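Lifted from TrEMBL, the feature list:
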- HIS66: active site, proton acceptor (ACT_SITE)
- ASP67, VAL70, GLY72, ASP74, SER76, GLU88: Ca(2+) 1 binding site (BINDING)
- HIS196: heme b binding site (BINDING)
- 25-328: domain 'Plant heme peroxidase family profile' (DOMAIN)
- 1-24: signal peptide (SIGNAL)
- ARG62: site 'Transition state stabilizer' (SITE)
Amino acid sequence: MGNIRVALLLLTLSICLFPQLSSAQLRRNYYSNICPDVESIVRNAVTEKFQQTFVTVPATLRLFFHDCFVEGCDASVIIASTANNTAEKDHLANLSLAGDGFDTVIKAKEAVDAVPQCTNKVSCADILAMATRDVVALAGGPSYAVELGRLDGLSSTANSVNGKLPPPTFNLNQLTAIFAANGLSQDDMISLSAAHTVGLSHCSRFANRIYNFDSQNPVDPTLNKTYASQLQALCPNNVNPSIAVNMDPITPRTFDNQYYKNLQQGMGLFTSDQSLFTDPQSRPTVDSWAQSSSAFEKAFITAITKLGRVGVKTGSNGNIRRDCATFN
């Protein structure tokens, strides 16, 4: 009996001290008995959206990252603002999120809920995680098993975004610190940065690197000179703010390790990109993944799986939204 009492005491202590171990466990095939075909339903909806516009890929990927880094992976970034609340999506850092990412999740949610067994049984947060996996594969990136079991968050405020998302001006140490705050390593950060191998950026996000960089250099000296000239041609001074350029000038529609090859050539679009190569701490990793696509893909799968575990809502901390853009 004494041993049983000790075991029960240890179990109670573990639950009190480490509640996240008992409540926040994601797992593969979470919906196998709830909505068995959920992954194929989401994949079909995402594929249909992808066939309409390639922007589906970078928009969904970026939406997942912006969601998880603010209040955890709980689809709070999808909530629309109301007269009484300015939501996350209307924070300055999120205004450039493309509408196609939101639309992808909303359409996939509609497809899931159209199946009677699945209606209101699958969270928007899980649908975003599945859609992210699917767009990576559709763009030629690696396939991976996605962990599920998140609930949707109950709060979304613009103020909660402050200081949570890395601006394009960050250096390596700043990037490493903001990822570490989310339980992600420097290698995780470097691999997730490869999301910039697809998608577009508005000229204003990097104009500081091609015009009036500092008193000695009009152009950032870490930028490839030919590439800098191309960027100036695409983004003249006082350019229309709606103009955007490919973040990867070589393979802009393929999720691959070209991102790292570009950094080796001084063709990282943002300061935060190029710093991964100019800083000697991270350069060996960039060189390794530029050489080996399989090593990069393995690291990316590890990192995006860890990203999907950030701040997961369970129990009374979340629910399953009927409409991804509004609280129940």
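Each residue's number is its place along the chain shown, starting with 1.
Placement of Cβ uses the backbone N, Cα and C atoms for every residue, glycine included.
Around the Cβ of GLU88 (Ca(2+) 1 binding site), a 10 Å sphere holds 26 further Cβ atoms from the protein chains shown. Between the binding-site residues ASP67, ASP74, the minimum number of other C-beta atoms within 10 Å of a residue's C-beta occurs at ASP74. Computed over the domain 'Plant heme peroxidase family profile' (25-328), the whole-number mean pLDDT of the model equals 96.
Nearest neighbour of GLY72 (Ca(2+) 1 binding site) by Cα distance, taken over the recorded positions ARG62, HIS66, HIS196: HIS66. All protein chains shown were included, and the count of other CB atoms within 10 Å of the CB of HIS66 (active site, proton acceptor) stands at 22.
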